[in-house]
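Participant: These came from TrEMBL, pasted as-is:
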type	residues	note
DISULFID	CYS186-CYS204	disulfide bond
ACT_SITE	GLU218	active site, proton acceptor 1
ACT_SITE	HIS347	active site, proton donor 1
CARBOHYD	ASN523	N-linked glycosylation site
DISULFID	CYS772-CYS790	disulfide bond
BINDING	HIS803, HIS807, GLU831	Zn(2+) 1 binding site
BINDING	HIS803, HIS807, GLU831	Zn(2+) 2 binding site
ACT_SITE	GLU804	active site, proton acceptor 1
ACT_SITE	GLU804	active site, proton acceptor 2
ACT_SITE	HIS933	active site, proton donor 2
ACT_SITE	HIS933	active site, proton donor 1
DISULFID	CYS958-CYS976	disulfide bond
Amino acid sequence: MEHVLATSNDYNELAYVWRRWREESGKKMRSDYKEYVDYVNEAAKLNGYADYGELWRSRYDDSDLRGTLDRLWKEVEPLYNELHTYVRYKLLDRYADHMDRDNKMIPAHILGNMWAQSWVNLYDRIKPFPEGSLVDVTAKMKELGYNASVMFEMSDEFYQSMGLPSSAMSYGPKAVIEKLPHKMVCHASAWDFCDGEDFRIKMCTNVNMEDFITVHHEMGHIMYYILYKDQPQMFRTGATPAFHEAVGDTIALSVSTPKHLLKVGLLEEYADTEADNINALFEMALERVAFLPFGYLIDLWRWDVFSGAVNESEWNNHWWILREKYQKVYAPVQRSEEDFDPGAKYHIPANSQYIAYFLAHILEFQFYRSLCIEAGQYKPNDATSEPLHKCDFYNSKAAGDKLREGLQLGYSEDWTLALEKLTGGREISGQALLEYFAPLYEFLQRENKKLKNAEMEKIIETYNQQFSVACNKQVKAQYATQVDVENITLRLELTEILNENTRFVQENYNKYFVDINMEDYENKEVQRQLQYLTQISINSLSSNDFNALNTALGKMQDIYSTTVICPFGKPECTEGQLSLDPHLYEVMAKSENYDELLYVWKEWRDKTGRLMKDDYNDYVHLMNKAAGLAGHDDMGALWRQSFEQENFVEKMKDLWGELKPFYGELHKYVRRELMKIYGDKMDAKNPNIPAHLLGNMWAQSWVNLYDRIKPFKNAVDLDITKALIDKKYTVKQLFDISNDFYVGLGLPDNSMSYDESRGALIEKPTDRVVTCHASAWDLCDRQDFRIKMCTRMNMEDFVTIHHEMGHINYYILYKDQPVTLRAGANPGFHEAVGDTIALSVATPKHFKKIGLLDDYEDTHENDINALFQKALDRVAFLPFGLLIDMWRWEIFANKVEFADWNKRWWELREEYQMVSAPVDRDVDAFDAGAKYHIPYDSQYISYFIAHILDLQLHKALCKEAGEYDPEDPAKPLHKCDIDGSTRAGDLLRAGLSLGRSVHWSEALKAMTGETELKTDALLEYYAPLHEFLKRENEKADKDAGVSLVLSSSLVIAVTA
């Protein structure tokens, strides 16, 4: 059986032999062992001990033996772990079809030994350097005619070379050193016959290197017997049981060195390369280091059994708990309490203590190191000294004297004194063992890192394949609910899929990605993917919490997507209700009726946000719980992490600080123009603008005011809506025009994204309710990309099409990245891409080029109007783009009381946007919820970033296209159109194809040459408008001052 376990590569044969041995041995002795435990415990109690384990431990004269053993194990465990890891990787290659790659333990039957206590039989199959020199002198021994007697004589000569007594009697006529004709126990052993003269070895010696070493080991016991033979009889034993085993092993370490084997003529050719040394240490570690946890756990188990800490009904289970914990091996077949696997090991039925072997395997290296230093063969602090593992103290009388001094004490003194005589210190330590194997440890660390990298690459590759399928299924389901909002079946299907995918992410996270240290992986792509795979956000929630979160989101989203209100003047209507898109949008955009605007503004908030405040509270609690599970203070902190920037909030505020003066001029101008329209309806003393008067439900864009407040009333407007209608364009043709723009840059074709036969939705259907908010979808299969949009025939939607197609092109350009890295460089990048294209598309130059603008002259007035119109959309948005997430971050961080949520919302809106609520808002109001991105759990700061980044990108692309020159007044930034420039397209491709595989600053650098987000391009773009607004505002202030003076004078005159 030992031969099968040592040599077979057949997984099933090994499992069979492993199982059958335990069935025929341990399983049959369980009841006897119970009886044995009762008897030995009774004996221990009669001797004054609590149990038999305590009696055994008393032999070590250490009141905290358990603590000592635990300390020693912790010292050597890192080395064992590296060895275990390396061997496991090698066995995975051999038994890939049988081993579970997810299980970090090794099946106990494939380690070359019945108990997995020694792995040395695997050496030839898994050695690090297959071509390295082999230290095996068996053939040479046979060539030289060695027999058992020669082997024992050589061993005796080794001890005598150290000035120690002869051990000749131990292999003399009374000894048995070769197998007798009749049946005998061949297990090698050394015997002391207690008369101070008769010492014998019993061994069925074979002529091979293994037995050559064993002879020296057994003679170590003999030498110990001889050296303490003059002690009183009761002291004629080892200082502890471990000392006896350690002595022979210490000698064996010296004997087995290539240096010694060369000296005694058993080794002729040995290159002594690094590979040879690593191989030799590896072979030694498979024997010595692999043994350590087994040597430790056997008696840990027995002590727990003896003490009753483990009930008999848990004996076998506890055995495997210890084996899994320390050895990191597991049973290859199902085990139960009918089994008694400890009994399959000799020392259990033989009533032989085992902890001595664990201690001996540590002590031997401590002894060895001391003797090597004494022999001058090793100098610990000398960099020129040969390493410890090459030491041979053969012929060293100094080493022999030190050995004699410690061993002759026997058991007459405390073992710590014997240890001090042998090593110079009184504490047993694993440091010498670690020193001995240091070169191997460093090698294993390096190799395991490589193997770990390779394994993680395979894990991630498999995960990505599986995640792509799961993601595709989920996004299809999400898309289906967006284009058929009231379909309950689709929503239920989505919930089921979300739960399924949550389990998938959680299971993979727990298997592979929890507690990962990314620094362990050298592959930068692996590191980058792990950065995201180790953050699972809401997927870390329990299924109950996850369902609760989705319920809260679903309720809020249902409210938002299905809300309708009655028209102004018909508050109790039963038909003709108005939906947000298009009806309320149109009222807010076109009406100049102050009261109608106020009614619609208030009614929308009362029917949406107010009804979801409690659900949002649940949402915040659950999101923060998920963030906590992912190691973050709150969900705001987790969200901000995706931007990979220290002091992110402060950086955003700094950017706003640079833009605020320009915004302030725009706001001041617009407020003055609105005062002309609404007169007494507005408070002249309030510097803020009522939030319902700015042409948009959220005052995030003021572009719908343009016709009423544009600077030059008689200038030609930049609006192609009429041209689109006059040319009788279809919606599909608008998408074709957009696609042509991207293709003209040398970028990929986007036509699949608006192909309705492939699932795209580009016009609002009449047979069902849909979420009309324009969006672009990546269905995770690298083929299916779709736009969802209720397109209207106007200039705004024409530009929006180009924006959404920017998302699509980004998806296509990074589709060949691993799925984990298929995302924007940071969340702001995705929004910026389409907006960058829109900056070119919405120029008079481009509209003329594509035949949608005829009567338009490039005058100063037209120029200012065009910039003003764009600023009403893009610049007016900036503070709103910043404050939404500033508010959410504060809510997530619990900085705002629940009752003050709405109050804080308006404080931020007044501070940043300088707009105010047109009516009083009570504590139950939840006006933030009236904005899509709040109930839909969509970050918003990315839009703020995008509105700055788009102009930074635009500036770089325009320069590359030759359409912008800061030194040429004829080529200002705001007139640039990159249409048709493949050079600009190449820049875009260089950055966008990276996805998030690199830090966003590298993607930015690939496109702009810059590594930081900057506002200078935006300010340069709008510089002509900024100067115009400052002049107009200064003039208006001056006129107002004159008016005030005249008014004051008139009052004085009348009074007088």
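Any Cβ shown, glycine's included, is placed from N, Cα and C.
TrEMBL entries are annotated by machine, without manual review.
Here the structure is a predicted model, which means the values were calculated and not measured.
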Participant: Sorted by position, what residues of the same chain at least six away from CYS186 (disulfide bond) have a C-beta under 8 A from it?
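Facilitator: Those within reach of CYS186 (disulfide bond), by Cβ under 8 Å and sequence separation of 6 or more, are LYS179, MET203, CYS204.
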Participant: In the structure shown, which of the recorded positions GLU218, GLU804, GLU831 has the fewest other Cβ atoms within 10 Å?
Facilitator: GLU831
Participant: Where the distance is taken from Cα to Cα, which of the recorded positions GLU218, GLU831, HIS933 turns out closest to GLU804 (active site, proton acceptor 1)?
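Facilitator: Its closest listed neighbour, by Cα, is GLU831.
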Participant: If you draw a 10 Å sphere around the Cβ of HIS347 (active site, proton donor 1), how many other Cβ atoms fall inside it, taking every protein chain shown into account?
Facilitator: 15
Participant: Let's check the environment of CYS958 (disulfide bond): how many other CB atoms sit within 10 Å of its CB?
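Facilitator: Result for CYS958 (disulfide bond): 28 other Cβ atoms within 10 Å.
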Participant: Quick one: pull the CA-CA distance for CYS790 (disulfide bond) versus HIS803 (Zn(2+) 1 binding site), whole Å only.
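Facilitator: Counting only the Cα atoms, the answer is 14 Å.
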Participant: Tell me which residues of the chain lie with their Cβ under 8 angstroms from that of HIS803 (Zn(2+) 1 binding site), as long as they are six or more apart in sequence?
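Facilitator: When sequence neighbours closer than 6 are ignored, HIS803 (Zn(2+) 1 binding site) has ALA774, GLY834, ASP835, ILE837, ALA838 within Cβ distance under 8 Å.
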Participant: Just the number: how many Å between the Cα atoms of CYS958 (disulfide bond) and HIS933 (active site, proton donor 2)?
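Facilitator: Answer for this pair: 32 Å between alpha carbons.
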Participant: Take the C-alpha atoms of CYS772 (disulfide bond) and HIS933 (active site, proton donor 2) and report the distance between them in angstrom, rounded.
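Facilitator: A Cα-Cα distance of 14 Å.
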Participant: Using a 10 Å radius around its CB, how many other CB atoms surround CYS204 (disulfide bond)?
Facilitator: 16
Participant: Just to verify: the residue among CYS772, CYS790, CYS976 with the fewest other Cβ atoms within 10 Å, which of the disulfide-bonded residues is it?
Facilitator: CYS790
Participant: CA-CA, which of the recorded positions GLU218, HIS347, ASN523, HIS933, CYS976 lies nearest HIS807 (Zn(2+) 1 binding site)?
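Facilitator: Closest by Cα: HIS933.
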Participant: Determine which residues of the same chain, besides HIS803, HIS807, GLU831, have their CB within 8 A of the center of the CB atoms at the recorded Zn(2+) 2 site, and list them by sequence.
Facilitator: ALA776, GLU804, GLY806, HIS830, ALA832, VAL833, GLY834, ASP835, ALA946
Participant: So how many other Cβ atoms are close to the residue listed as 'N-linked glycosylation site', meaning within 10 Å of its Cβ?
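Facilitator: I get 15 for this one.
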Participant: So which recorded positions out of ASN523, HIS933, CYS976 end up within 10 angstroms of GLU218 (active site, proton acceptor 1), measuring C-alpha to C-alpha?
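Facilitator: Passing the 10 Å Cα cut: none.
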Participant: Between GLU831 (Zn(2+) 1 binding site) and the residue listed as 'active site, proton donor 2', how far is it from one CA atom to the other, in Å?
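Facilitator: Their Cα atoms are separated by 14 Å.
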Participant: Which of the listed recorded positions (HIS807, HIS933) has the least company, meaning the fewest other Cβ atoms within 10 Å of its Cβ?
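Facilitator: So among HIS807, HIS933, the recorded positions given, the one with the fewest Cβ atoms within 10 Å is HIS933.
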Participant: Tell me the Cα distance separating the residue listed as 'active site, proton donor 2' from CYS976 (disulfide bond), rounded to the nearest angstrom.
Facilitator: 32
